Amino acid sequence: MSDVILDLQLACDEARGLPAEADFLRWLQGVLPLFRDCAEVTVRLVDEAESHELNMTYRGKDRPTNVLSFPFEAPPEVELPLLGDLVICHQVVEREAQQQEKALEAHWAHMVVHGSLHLLGYDHIQDEEALEMESLETEIMQKLGYPDPYLAEKEA
C-alpha cells in the first residue's frame, strides 16, 4: 500500500458533526494510491466566510463553495510527495447533502474524492473531461462503499 500523509486543519468555529481524521485518511487512500506511491495532502475545513473569500479570489465566484483544490507545483527537478491542499466548507457540504437528499458521510467522501482528482489534474470544464472525471469518482466512491454520487442526475 502506498503512503498517504494527511495534514488536517480545522479552521472553522463549529467542529461538531465533522468527519474524523481517520475518515479523511480513508477517503484519500481510496484515491491517491491509484495514481501515486506517496502523496501528502492538506485538508483544511473552513467556514463559509473563508470559502467565499477564497472562491472570489481564485475563481471569481462571489459565493462560498463546497471544495477548492490547490495543486502544489514543484519544479520538475524536485520530487516531493506534496500533492496540494483541499479547502472544504462544512456548511456548504452539509447544506448540499440535505438539498440533494444524500447521506452526509457519503457527500463528505465525494468532496474529498472530487477535490483529490482535481489535485491530480482532472477537470470537468469540457464535457469529455467531465464524463471521465465523473466515471472515476463513481468507481472510487463505490470501492469506498458509497453510492454513485451522480445517480440522481442520471435518473433525472
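Just so you know, the numbers here start at 1 and follow the chain as drawn.
Positions of Cβ are set from backbone N, Cα and C atoms, glycine also.
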Inset, instruction - Pick the one from His90, His124 that Swiss-Prot also lists for the Zn(2+) site with His114, His118. - result: His124
Legend entry - binding-site residues compared (His114, His118, His124) - highest count of Cβ atoms within 10 Å: His114
Legend entry - Conformational class of His118 (Zn(2+) binding site) under the three-state DSSP mapping: helix
Legend entry - Listed in sequence order, residues not in His114, His118, His124 with Cβ within 8 Å of the centre of the Zn(2+) site Cβ atoms: Ser69, Gly115, Leu117, Tyr122, Asp123, Met133, Glu137
